[in-house]
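According to TrEMBL, the features are:
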| type | residues | note |
| --- | --- | --- |
| REGION | 1-142 | region 'Disordered' |
| COMPBIAS | 9-19 | compositional bias 'Pro residues' |
| COMPBIAS | 87-96 | compositional bias 'Basic and acidic residues' |
| COMPBIAS | 97-111 | compositional bias 'Pro residues' |
| TRANSMEM | 189-208 | transmembrane segment |
| TRANSMEM | 214-232 | transmembrane segment |
| TRANSMEM | 278-297 | transmembrane segment |
| TRANSMEM | 304-322 | transmembrane segment |
| TRANSMEM | 328-349 | transmembrane segment |
| TRANSMEM | 361-380 | transmembrane segment |
| TRANSMEM | 437-459 | transmembrane segment |
| TRANSMEM | 525-546 | transmembrane segment |
| TRANSMEM | 552-571 | transmembrane segment |
| TRANSMEM | 583-601 | transmembrane segment |
| TRANSMEM | 638-658 | transmembrane segment |
Amino acid sequence: MSSSDSKPGPKPGPWPPAPESSAMPPSTWAKRTGFRPKFSGEATATDSGQVPLPASVRARQPETQPDLEAGQPRLRPPPGPAVANGETDKEKKEKPPQPQPPPPPPPPPGAGPVKRRRDSDGATGRSNGPDGANGSGDPIRRPTRIEETVEVLPQSVDDDLVARSLHMKYGLRDTPGLVPIGFYGLQHYLSMLGSLILVPLVIVPAMGGSHEDIANVVSTVLFVCGITTLLHTSFGSRLPLIQGPSFVFLAPALAIINSPEFQGLNGNNNFKHIMRELQGAIIIGSAFQAVLGYSGLMSLILRLINPVVVAPTIAAVGLSFYSYGFPLVGKCLEIGVVQILLVVIFALYLRKISVLSHRIFLIYAVPLSLAITWATAFLLTEAGAYTYKGCDPNVPESNVVSSHCRKYMTRMKYCRVDTSQALRSAPWFRFPYPLQWGVPIFSWKMAIVMCVVSVIASVDSVGSYHASSLLVASRPPTRGVVSRAIGLEGFTSVLAGLWGTGTGSTTLTENVHTIAVTKMGSRRVVELGACVLVILSLVGKVGGFIASIPQVMVASLLCFMWAMFTALGLSNLRYSEAGSSRNIIIVGLSLFFSLSVPAYFQQYGISPSSNLSVPSYYQPYIVASHGPFKSQYKGVNYVMNTLLSMNMVIAFIMAVVLDNTVPGSKQERGVYVWSDSETVTREPALAKDYELPFRVGRFFRWVKWVGI
């Protein structure tokens, strides 16, 4: 018996045999960047980053493949000649047959198993023996190259089907009936209630404004939000993004409010004077933002803005208000803590409970928790829980003589719900008008601060444009559309400065979360809601009702909103390789120094025994009076100390410098891929998503950097 006869037979393979799965074609972004993800512990992951499904599951799935880049279904091409590597079957038949290389000679009798090494492209040569033969002893021949099938989007498909994601109820250009539009519009704006109304409830009391001033500013904010949202959905990015008072402008506004030159003012004179200073700074900073957009400079800046830059910059905005949140909640713990617990329970523990296919607790977490806590506080107030004999909560604390009453004044002020007279004093009708607080005051040092802040607001908006377009549109916008949108945001912020909202008007970061939760991507819904906001702003009692929200509840909601803002900023890292050591170090350094460097500026020159004239939660914003930067020019000192004490400024500087100087591939950095003119020509759905209405776009065709 020869030695070959004593060899064991081939080992049987697994039963049933595993089905052959064709590789998923990479998306457009993957083709440009050479993206080939590697997941630790997922050996069965395909090149697209998805684990292949069993054959029985794939057979039941529709003839669509999700586009990982745009979040859209990629339809298979209609029946026709198959395409592989750019050649159809007909072209292959017409080509002369290519000569095949002769097969290798068989091994001599009695020889042991001959194994061939694996080629670099994954193919294996012929091998005899147990590892290289099938059940019949024939050699296994594997293809030397995997043919990549490129799916082409057919032009005859309905555009609405192309523009709609599988997980969205309505796409960008969908127009549901009047009743669905009204319902979803109310739902959309209620889910973002905190972002729309909380900023004026913070800055107006800081300026020394009365309850009537708070009501008037809230009505003005609602009016400007409605107008700017209509302008943005029509002539800006055309995405369903609500415009409003962004938290990006809150820190510089508080810094200007607490400037040394305003410490001697008091009462209503203080409010109007500071508001006019804010108006002047916002107008100049917003005009600078408009120039960035409409001049085309934003198209160049986009090359520096990537997820690794956006994530720490926006996260630093939310983290910067840690000193304001819970210290104010502690003024009335039984109300503030209950508010925080309720919003957390609704948003997390009850988020999957649906009523009529709507996750009411997740969508309405903020208004529901506010209503329950407000009702509880009202019952406690009426029951006399915060009533003390001989003490009047409406008397200023400085005029209280009794030590007994002085002990409980803080508790009565922050726990009672009847201390505000805003609802009672507000008129039924009030029309917000420009320059209602007086002529703006222009100061160059405050204007420079706002110009820098407008750049960071643009970074925030760029991240929102990209993330929301992947949810609702057929493709991301072009660089020209982004520049056009940033330019319009600058123009709308100028309107906010003229009307006197106290902050600029930009794209709210919470838009992306709201669209993902409500699954509503129609711009018609947002436009109808904007019209409703304008109408509500004319009813003065609405502003008075919102101004009556106790400060402790406002601080409790802000704790949740700022935490959400931080998380939404960090979520931009999903477009990059979040596990890359390069990105981890850049984001970590940016976040750490965004907290540490401002802390140095804010604590410089302040001793524990210092008698400060502002509450503890406003101390981070008085750095202009004691910062370490000291030169012979007071204006320069103000600008440098103020800017370097802002967390978002330090995070932005660190992230931009490191991300654009440390070597890294486009895949690793997650470089934003915007659509180009060729994509617009090839896909008419893209042009319909972003083109301007009423044929306005034809006047801007010669300006390539602000159009499609």
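Even glycines carry a Cβ here, placed using N, Cα and C.
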Stretch among 328-349, 437-459, 525-546, 638-658 sharing the most Cβ pairs under 8 Å with the transmembrane segment (583-601): 638-658
Region pair the transmembrane segment (278-297) / the transmembrane segment (361-380), three or more CB pairs under 8 Å: no
For the transmembrane segment (361-380), sequence-distant contacts whose Cβ falls under 8 Å of one of its Cβ atoms, 6 or more beyond its ends: 187, 190-191, 193-194, 335, 338-339, 342-343, 346-347, 350-353, 386, 415-417, 517-518, 549-550, 553, 556-557, 560-561
Cβ contacts under 8 Å made by the transmembrane segment (437-459) with residues that lie 6+ beyond its boundaries: 246, 248-249, 252, 255-256, 259, 272-273, 275-277, 279-286, 288-289, 292-293, 298, 301, 305, 309-310, 313-314, 486, 489-490, 493, 497-498, 500, 504, 506, 635-636, 638-639, 642-643, 646, 648-649, 652
Contact between the transmembrane segment (638-658) and the transmembrane segment (304-322) (at least 3 Cβ pairs under 8 Å, separation 6+): yes
Which of 214-232, 304-322, 525-546, 552-571 contacts the transmembrane segment (328-349) most, counting Cβ pairs under 8 Å: 552-571
Stretch-level contact, the transmembrane segment (214-232) and the transmembrane segment (189-208), CB cutoff 8 A, at least 3 pairs: yes
Spatial neighbours of the transmembrane segment (304-322) far in sequence, C-beta under 8 Å, 6+ residues away: 247-248, 250-251, 456, 459-460, 462-463, 509, 558, 562-576, 583, 586-587, 590-591, 594-595, 598, 620, 646-648, 650-652, 654-656, 659-660, 669-672
Intrachain residues whose Cβ lies under 8 Å of the transmembrane segment (525-546), provided they are six or more past its termini: 170, 176, 181-182, 184-186, 188-189, 197, 201, 214-220, 222-223, 225-227, 229-230, 233-234, 240-242, 422-432
